[in-house]
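These notes are about the structure you will find just below.
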Amino acid sequence: MAANVLVCIKRVPDSSSEVVLTDDGQAVDGRFAGFTTSPHEECAVELAVQVTAAGGGQASVLTLGDAEAVEQLRNALAVGATAATLVQAEPSTFGPADVAREIAAVVRAHEAEGTSHDLILLGNDAADSGDFQVGIRLSYELGRPVVNGARTLSVEDDHVVARGEGPEGTETYRVPLPAIVTVREGGVEPRYPSVPGRMKAKKVAVEERTPSAEPSGAKRVRMTLPPPVPSNVQILGEGAAAAPAVVDILEELGVLAR
Amino acid sequence: MILTVVEKELDGSAAETSLEGLTFARKLSAEGGGVPVDAVVFGEVGDDLRKDLAAYGVRTVYQVGGEAVAAYSGAGWASAILTVRQAAKSVVVMAPGSDRGMELMAHVAARAGVAMAANVLSFDGLSPFQVTRQVVGGAALEEMVLDQRPAVFTVAGHAVEAAPAESPGAADVVEHTPEVAAEDLVARVQSVEKLEAEEGSGLKSARVVVGAGRGAGGPDGFGDLEELTSLLGAALGVSRVVTAAGWRPHHEQVGQTGTRISPDLYIPCGISGAIQHWAGCSSAKTILAINTDAESPMVTRATYAVIGDLHEVVPAINEEIKRRRG
């Protein structure tokens, strides 16, 4: 069946390089490392594009963030999403409950304007805050069922069938729409945007909204960086010549037993 | 009272992360003047598990069963935990920082209308109750206040070392068959396909893991690494760069969005040690890095290192192992 899929994404600092905090200790400062879309959500966008390509409907994206977060929305538009919404706000002042409330407010507003979101996808957790909560809190806000940590999904007969890894193996859920699924990286390979895709994305008008309420915050006192661990590495040698020293260590550690 | 969710292994024993959770709960209890630590377990509590829970200082074990919770549902199980919480009069509800523990506590916090702290490392005070938790995959810390009741959190893996209590608890088993609202059972597991042995299950529990990163050079660059893995009876783990490039399957990925490992020995080869990867391997007891860059984070954080190209170093190690074995 055709399903309108909304993917909620988050602009996060690229954590492949050194982490720097803002002066007030309230957020990770990404100004030097750059920003990216949280990895689980890149996969959620891909799943949304696949679902709508297979069965029809529209894949749209939403983020709560500052004006620069439009970059992440345009990246999603470039790989197949067709509509985007920016709830413009300073994200570090919004806790998981605040973000869930704002997403719910947009979903309700869209419904009132005639656009339904049958399936809402989010990342399992964000790469920076690691809260693990927004999708679940959104399910209570909207009174919709939620499946957590799915790697693949399909829409079949008014239901979403989602699969993910549980403690005993691959778990399958079959849940009636409208529903919410949080996505884990690993089930699909996000596609790279093509040049025509990027050109098309530039032309899409991004809907802008303001938050529906003041945030109550994340109960954060401050963020700190762990103290640097002094390097105590013992260099065993260079190149192939180091092999005997390596095997000495393997013997010492008792891992060479047959 | 402190209510701790205990997860079971497939053989019915307590998961190591749950024993860490109980150890953390006892520290909290001691700081709070010795308030009891209770456990909630879904499914049967066998004799061995009961003994383990007693050894870890548990007062009461709430064994939750019945049709409503026979198959997993996040909302259904969380609703059952909250009924136990009411019976146990718990002011703290906590779980191990496993995927399921995170999911359950997020449901509990949302239903109770309170904040939740994920991946807590330590508590800094009880009044107000303040915790420090891992963020950005452990590359940064966040101090957070949990000033509502119940205080809901998950304990980061290896935040404490699991250790039995000085004096055992009674571990009295109380059977609990919760009533669960139909809407909480809508998102319920329909079926489970058991994991194939080779599909990543070995990575989590392997004593030795051989890691491979960008330095492997391509999908054909893993032959010597696989031989080393085989010689050591190890598991192969790879970095995100490798799975993103499609060189190896995702179930082999070690890192923040892959598997978190805690082997006795980790041998990362051609892995620079980006934050996402470090988040998944920092619990290894010993790290022996092989890398061309002596200044890379993986080398400077390692216990031992060899500076060089893995395609030269690894075959030489393999030959040396075979030579010594005759």
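Glycine too: its Cβ is placed from the backbone N, Cα and C atoms.
According to TrEMBL:
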{"type": "BINDING", "residues": "B:Arg214, B:239-240, B:253-257, B:270-277, B:Asn291", "note": "FAD binding site"}
{"type": "DOMAIN", "residues": "B:2-189", "note": "domain 'Electron transfer flavoprotein alpha/beta-subunit N-terminal'"}
Three states by DSSP: which one describes B:Gln256 (FAD binding site)? coil
Using other CB atoms within 10 angstroms as the count, which residue among the binding-site residues B:Ile271, B:Ala274 scores least? B:Ala274
Using Cβ-Cβ distances, find the residues under 8 Å from B:Gln253 (FAD binding site) that belong to the same chain and are at least 6 apart in sequence, listing them in sequence order. B:Gly237, B:Val238, B:Ser239, B:Arg240, B:Val242, B:Thr243, B:Thr259, B:Gly280
What count of other C-beta atoms do you get within 10 angstroms of the C-beta of B:His277 (FAD binding site), across all chains shown? 28
Near B:Gln256 (FAD binding site), which residues of its own chain have a C-beta under 8 A away, given they sit six or more steps off in sequence? B:Gly137, B:Ile275, B:Gln276, B:His277, B:Ala279, B:Gly280
Here the mean pLDDT of the domain 'Electron transfer flavoprotein alpha/beta-subunit N-terminal' (B:2-189) is 95
C-beta crowding around B:Arg214 (FAD binding site), within 10 angstroms: 18
Which ones, of the binding-site residues B:Arg214, B:Ile271, B:His277, are Cβ-proximal to chain A (under 8 Å)? none
